[in-house]
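The transmembrane segment feature in TrEMBL is assigned to 16-35, 78-98, 104-123, 144-165, 185-207, 228-252, 272-291, 303-327, 339-361, 368-387.
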Amino acid sequence: MAGLVAAASVPLDRPGVGWAIAGLAGAAALTALSLRGWAHPSMLGRGPAVPPTIQAGAIRPLWTIATVVLLSVGTVRAAGWLFVLCLLTAAVTGSLAVTAGRSLPALLVTSVAVPVAALRGLPWVTRGTAILARQQRGGPGARIGATIGVSVLLLLVFGGLFASADAAFAELVGRVTPEISASAVARWVYVFAFATLGLLGGAYLLAAPPRLAGLERPAKTRLRRLEWTLPLVVLNAIFLAFVAVQLTVLFGGAEHVLSTAGLTYAEYARSGFWQLLVVTALALGVLALAARWAPRDTPRDRLMIRVLLGGLAALCLVIVASALFRMHTYEEAYGFTRLRVLVSACELWLGSVLVMVLAAGVRLRASWLPQAAIGSGVAALIGLAVLNPDHFIADRNVARYQDSGRIDVAYLSGLSADAVPALDRLPATQRSCALSDVARDLERDHDWRGWNIGTDRARHALGGQPASTYTWSEACGPVRISW
């Protein structure tokens, strides 16, 4: 049933309320089946290599809620790039909702377990369906099926008669009834198959949880003290030297940069941001490996872990602050873009993970850290959706134009309908250029599946004016933006 709901509601080509409906239906189906209980695959014949002594899993509510919230972003935001990120993240959180991994290796494995489980679960669901059909032949299931069939028949007959009798009712029916065509049928089949396989994979993982004990255990082989302390001492030293230089830049300002690097402050800010982002990500990997392989048997070992790993994490926080400061400086000079806002959000997330690493180092207990790190990343993405990035970008660039007279209308014209209320504040010429593309898109006839608050607000902001009102003018550019 949840697969049918997804096939009827999901708009593949855009965000919309249909994604939230499909997510709620899928979550409700798995939750209901989890509460009802499962037949282990080994009880239905040939099953997975899992002993029947392993109890069936329970759906994890926090990851389930996160998945539904991510899919619901399409109900409030029209930015396609943002919703694609939410969809990809929802695929990960959906897998975590039906598995029980805690360590980083277990989470990495279980985050992609659903596709494999869907293929392994096909024989299980086939045998279970056949057994259920034999047990309920002529029983309540057949009566329910007949009742649904009669209801659909009555709906078609009386709905068709009412539609032919009244034009207004016919228009309403036309809006809620999907278009029947070869492409539409192909889309329904594709979405139904994809959604059903995904839900089947989730159900299979709940009925026969994978064995994760080997991935949850700490490393058996530990490094000798010199083998891990020497590389970390060297790494801390180079980080400390870089941080010392960064502090002189932060306090010295533009004059110091001009006198030492020969660059403008904005050029200096841009030149090293990406390297600092990579450094932060690599340092987190080093911290994870060192925490796994470093010995902690003696008080001296534990002290070395706290000093070296804690020091590296603290120095990384300064680098995160430097990267964010560089990006802020560059944005103030050249304006805001999607990429700049997104990478700033990534840096903030990495900073939050580093803070959690420092907190875990107090008692040297980090079993909670992998899930917390992923959860903070999900929270950061949801926070970005709450920020409404396309509207934020348009608003800041319009404010910058009002102060300096500089604006890249060509870039702003590519933003989604979320940006329309902010772009509506531009002067007539720039406004016409900036809204030319989005006005044409809003004029297209989208059905209820693709409705969201962002497009609805944009239509109200445009006041129902036709798309031909908004045309591109040579006075607007084009102006290319670098990144």
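Here the Cβ of each residue, glycine as well, is placed from N, Cα and C on the backbone.
Automated prediction, rather than curation, is the source of TrEMBL annotations.
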Would the transmembrane segment (272-291) and the transmembrane segment (339-361) count as touching if the test is at least 3 Cβ pairs under 8 Å, pairs 6 or more apart? yes
Annotated stretches the transmembrane segment (368-387) and the transmembrane segment (185-207) touching (3 or more Cβ pairs under 8 Å): no
For the transmembrane segment (78-98), out of 16-35, 185-207, 228-252, 303-327, 339-361, most C-beta pairs under 8 A are with 185-207
Report the listed stretch (16-35, 104-123, 144-165, 228-252, 339-361) having the maximum count of Cβ pairs within less than 8 Å of the transmembrane segment (185-207). 104-123
Long-range environment of the transmembrane segment (339-361) - Cβ separation under 8 angstroms, sequence gap at least 6: 273, 277, 280-281, 284, 287, 305-306, 309-310, 313-314, 316-317, 320-321, 323-324, 327-328, 330-331, 368-369, 372-373, 376-377, 380-381, 383-384, 389, 392-393, 483
Do any residues of this chain, six or more beyond the ends of the transmembrane segment (228-252), have a C-beta under 8 angstroms from a C-beta of it, and if so which? 268, 283, 286, 290, 293-294, 304, 308-309, 311-312, 315-316, 318-319, 322, 325
